[in-house]
Each structure stands twice: as structure tokens, then as C-alpha cells.
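Here is the structure we will look at.
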């Protein structure tokens, strides 16, 4: 197993800038922590744009649509455009409409929030559940009549999860073998401003467990996400680098897609996970402390 | 692999009655389906009692205390006494007080319903969470101050599950390596009057997934449950039979405890799972269609 190249001197960062035309970024842990921008990030993104690099943001955040996620960039003063943003809710909607080709008369039962609903709506997919206040009420099995037009269940992070939602989703999936089972992403946790909390992968876990089967996941590291980027952005994998803070999502995603990978240590992954006897089998090409280090390439 | 003995004639049932002094029963799928009594069950239990057999009810139901579960027996006209009933909520409480010996100044964070709280209370264990209406509200990480005296998280079936409960339980378990993680049972589903719904095992799945570790389970097939029975009921395993409808809970529980096992086909398990090429590796000693068949022993 080759060790990753640890970047530290200006010429190394400058070489990276020459080598890669398209820069894909994870957001939380790379650009910011929750609502706190990581210092130096704005300068690095400006440097890339000044050098005519393509910039793409690839996030597993499943609660926000691309449109509302852009609001987060705006609030933190980071330049970004909706067509540069790829979220796992968007990838789930594109997967259903383009890959699985869910028939137009079929609906999706949603466990998730408004952002997921917005992306489904933009792809022309009818849905139920989600933010419907009725599904926050105690579940009354006797009065539940499954909608025969439900052809898929999509599950993302949902901070208003309820037993009614789990019961309805389970009923759709267990009584109809043709019902598609899609999860926005497998992240076990997500970094909130107040520490780690259960992630979208944890939210779909009761369905996996009760059904004894796994969903199609559309977020990183899944190929579905890269297919979504490919459909919209013209890039050469050989001249593209994926920057992220998680080995099992960001770095695995980049490697699986044939991209170069740069791990930053401002997020989840600790130094010990990439060096020494306990190191992960997922090895990034490059490692640097912070994305801000790229300023040395200027 | 030996096939189970399929009982059908009166002398076989009569032999069983002679052979076993203690009869342990699963309830749902054996005695009743939801709120419908299985015909003939009352006569069989009366026959056992008339012959001075010990009768024990072992249920993974985690939402009811033994006391409230007795109300179910009463409502259906089935004779039962609180000290004959062993539920997984009770087993969880006994595990914490007697096996894990949770210090008296420690509290339990509960994901579960009133029956679980009642059993904890009866074992003298302080708790929080559970049916507290505050934990049904949206989770506000900023205003959550973990209680430093929480020494265990116990998770049972909870039809008022919320992201706040998952987040609090996850925080207690992920920030304190000494915090005990207990689940009442691993059942993936449970049979409601309106079909299968996600069970207690599904409810704890987000915590397993987010933490990457499994809880101690106290319900069938776990030995903890049999230890609870042993502490209260004097029985000879060689002269004891466990009657149930689920191979991976009831029958496994009986076999692991060195008891004889009788599978009934009035519940979850279908004929095809015990015979032929797709048969389970969990083989009961005896099989009969319904508990009511035991009437032939009279």
C-alpha cells in the first residue's frame, strides 16, 4: 500500500494547480464547520477561479436542495452557482427520473425534509409523506390505506422522523417487491455545530433492518452521484481532483471515479487514520492540513 | 440435521404432557393474534394447570410492563399471574439492576414506552427520556445539556420515536465509553392486527448504525431473559418445553437454554421454513399446527 503524498511546500501546491483543471469539493469539514467558515477557503476558491479551474461542490447533505444550499454559500460569503452544486437529494431525484426511470404515474413515499421534496418536484416526480404534518402524528395502522401508485421509497436525513413514516415506508416496501428503495446517502453521522449527530444512513437503518435489504444509495461514495455530475459538467477524470475530509465517502468516491484525491484534516479524519498500523485501506493521493494551504500556490 | 417430530396423534400429545413439568409460552402467534384469541388455547392452558404443570409466559413485547401485559390476558379471558409473565422490558430492568449492577446514583436514558419505564421504576432505576413530551419536540442541539449521571441507554419499541431521542441517546453513548447500551430485543418486525410493522430491533438500528456497535439484548433469544426466569421460577431444563412461533427467537431461545422446543404454525413461521431444501438451520424438537392440538392429550 502506497502512503499518501503529504503536501507542505509551495512548489507542491503550485504543481497541483497546474495538474488539475476540475476541482471537486466536499463542503462540511472542508469549506466550513457548520456555520463557521474555515479561514483561507475563500482565497483558495478565488485562486482556482482566477486560474480558470472548474469548481464543483459535491455534498451528501440531503436536507437542502441545491438552491437552498447555495444560500449557505451566500451567507458565508463563498462564491458558488447552483449548477456547480450537487447534493444527495438532487442525486436521488435524478436517479429516480433518469436511471430507474420511475413511470410518470408513480409516486415516491418520502422520509426526508423540504430540500428532498424540492428536488423531486424539480424532476417532475410526485411524492407524499416527507413534511406532511399527518405523518408526524401517531401511526394508526387501522386507518392507513396504502397509495397503490407508490413505486418508490426515498429516505434521507429527517429530523422529524416518526414511527408513522417508518411504518408506511416499511408497508410500501414489504408488500410490493417492485417498490424501489433509495437512500440519499449512507453517512452514519453528520457534524452539527454542536457535535456529531445521527446521519441519513442511521435514519434509513430501521428500514434496512426490518426489511433485511439495502437501499440504492445515491450520495458519495456511490457512482450515482458522479453520474449526476457527469451529466452536467464536462471534465476529464485524469485532470480532476476530489477534495474531502472523509475517507469512506469523499476519498472513496474520488478513487472509484478515477479521480485524484486530496484529503484535508479539518474534518472527520484524523492523522492516525492515514498513517501507522491502524491506517485505513482507503489511501488518498495527497494529504494536507487544510484547504487553506493551497494559498501557497498563488 | 434431524427433522423435527411432527405431532398428530393423541398419544403423542399425551406423551408430551407426561414428559414436561414446565411449559414456557411465547404469546403473540401462539396464544393470540393481536386482539384475537386462537381457539382452543384456554382449554390447553386449563389442561396444563389441572395436571399441575408450571406455566410461564415469555414475551419480547417491550411496550408493556408485566402488570399491564396481564391486562391483555384478562381481557382475552386467559388465566395468567404477574409472576408467570416475563417481558423484555422487565428483563432489561433486571439486567441493569442485577447483572450490570448499574450504580444507584446512575440514570437510564430511555427510548421506549410507559411499560419499560414502569419496569425500570419497579427495579428502583431512575430514568429520563421515554414518554417525556419534551423529547417528542424537534431536537435543539444548542440547548441540550447531557445529564452527567446517565450511565445507560435502554432502547425498546417506541411508537413515539423522534430525532431528539436518537440524538440524545447517541450523544450519551458516543461521548461516554462506559455508558451501557441495552436493547429489549432484536425483533425486526412485530405482528400488529393490521400486518407486520417495524419492531424493537428496527427502532434501535439507527443507534447501532451510527455507533458501529451492538447493544446487549435482553429479550429472546438472549440468555438474559432465561436468567430472569431462572431467578424467579424453579424448573428443571430437562423437563421444560418452550412453545413458540418464531424459529430465530422462541425456538433458538429454548434450544440455547437446553429446553425442549415445540413450534406452532399459527404465527410467523411457515411450513416451508422447517421442511425441504430451504429449511432453517434452527430445528425445533416438535412441530404442531396449533397449541390447540394439545387438547388431544386430555
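For all residues, glycine too, the Cβ spot is worked out from N, Cα and C.
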Recorded Mg(2+) site member, picked from A:227, A:236, A:245, that accompanies A:26, A:28 in TrEMBL: A:245
Least Cβ-crowded entry, counting other Cβ within 10 Å, from the recorded positions listed as A:26, A:28, A:245: A:28
Other same-chain residues whose Cβ falls within 8 Å of the Cβ centroid of A:26, A:28, A:245, the recorded Mg(2+) site, in sequence order: A:27, A:29, A:30, A:31, A:59, A:244, A:246, A:250, A:264, A:267, A:268
